[in-house]
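Since the structure comes first, as structure tokens, the remarks are kept for the end.
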Amino acid sequence: MGTCNRGFVQMGFAISMIIIAISGVSLVGADSDKEIVVKTVKGHKVCDQGWECKGFSKYCCNQTISDLFQTYQFENLFSKRNSPVAHAVGFWDYKSFITAAAIYQPLGFGTTGGKLMQMKEIAAFLGHVGSKTSCGDGVVTGGPLAWGLCFNKEMSPSQGYCDEYYKYEYPCAPGAQYYGRGAIPIYWNYNYGAVGEGIKEDLLNHPEYIEQNATLAFQAAMWRWMTPIKKGQPSAHEAFVGDWKPTKNDTLSKRVPGFGTTMNIMYGDIICGQGYIDPMNNLISHYQYYLDLMGVGREEAGPNEVLTCAEQVPFNPSPKSTS
Ligand SMILES: *[C@@H]1O[C@H](CO)[C@@H](O)[C@H](O)[C@H]1NC(C)=O
Ligand SMILES: *[C@@H]1O[C@H](CO)[C@@H](O)[C@H](O)[C@H]1NC(C)=O
Ligand SMILES: *[C@@H]1O[C@H](CO)[C@@H](O)[C@H](O)[C@H]1NC(C)=O
């Protein structure tokens, strides 16, 4: 895993609900194999596209991720993950990505803002994933950016990552190890506890689920992407797609909608506000590489102030618990 072992701060929770009041229902044929059910709720159009985008949401009226991002593209982005020297051979696949994404697409994950924004969000999310699971440092074959999803867990954990400060809220289970696991690695009991509540799995007692099940690993990463760390702050998703209006404070702190602010939310002062440090550059490089491979082009990533967080003031300080 990457060198960053303090990715997540205390978790906040934001539950998005879609309220349905049925009026007219109509069927619109889209692809031959897909049916979009459309209805109007309080004057707004909402849709259901079956398993991949379910539950009548405005987001499900747009194309779904699998319309825009297919198996061959996933294979392209993560081309080295099953090479013999990789560390999670056979673990990650497209199906687990899409299965996990189906939970969050009705909430806007990869379904917000039209095709270009949708492609960019997929590239941005996967940019985080690729950078955090890469074993490409110093390799020659394929270049350093071709090695995303090489890991699914920290290889030689130096500790069990049990923080006693959270012993009432998120008590460590006897024998459980809370080392880094996942698509955007989770470390520490309090993070496993909070993510577990978010994805409704008992990760505090079973942190190993994340290294045993790629769907859960992706789901955990998507939950983190879609959920603010603290109340009143944007989620990475909201900051990326522009569903967030920066306050005056944000503007003074150089926090603007875009990829840079997603790094600020996910990693705070470990990555941001430190100038052009390697771990930040590595995240950006993965995002740009994926934009290119997906045919969007890295120029769509925007100017430096949007793309980086080199000069941003972090939203949250890193947790004190990691002595
Ligand atoms: C759906 O896509 C259109 C562009 O095709 C975009 O204008 C619209 O905002 C998208 N819907 C949502 C809910 O983001
Ligand atoms: C992984 O977890 C998902 C979600 O709980 C479950 O549906 C699936 O069966 C699991 N896969 C395996 C191989 O256990
Ligand atoms: C603005 O930022 C300052 C310093 O970071 C902080 O103390 C203050 O609470 C913030 N104000 C608001 C309204 O968020």
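Using the three backbone atoms N, Cα and C, a Cβ is placed for every residue, glycine included.
Listed in TrEMBL:
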TRANSMEM  12-30  transmembrane segment
DOMAIN    72-299  domain 'Glycoside hydrolase family 19 catalytic'
DISULFID  Cys162-Cys172  disulfide bond
DISULFID  Cys272-Cys309  disulfide bond
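Working note on the disulfide-bonded residues Cys272, Cys309: by count of other C-beta atoms within 10 Å of each C-beta, Cys309 ranks first. When the disulfide-bonded residues Cys162, Cys172 are scored by other C-beta atoms within 10 Å, Cys172 scores highest.
In this structure the alpha carbons, written CA, of Cys272 (disulfide bond) and Cys162 (disulfide bond) are 26 Å apart.
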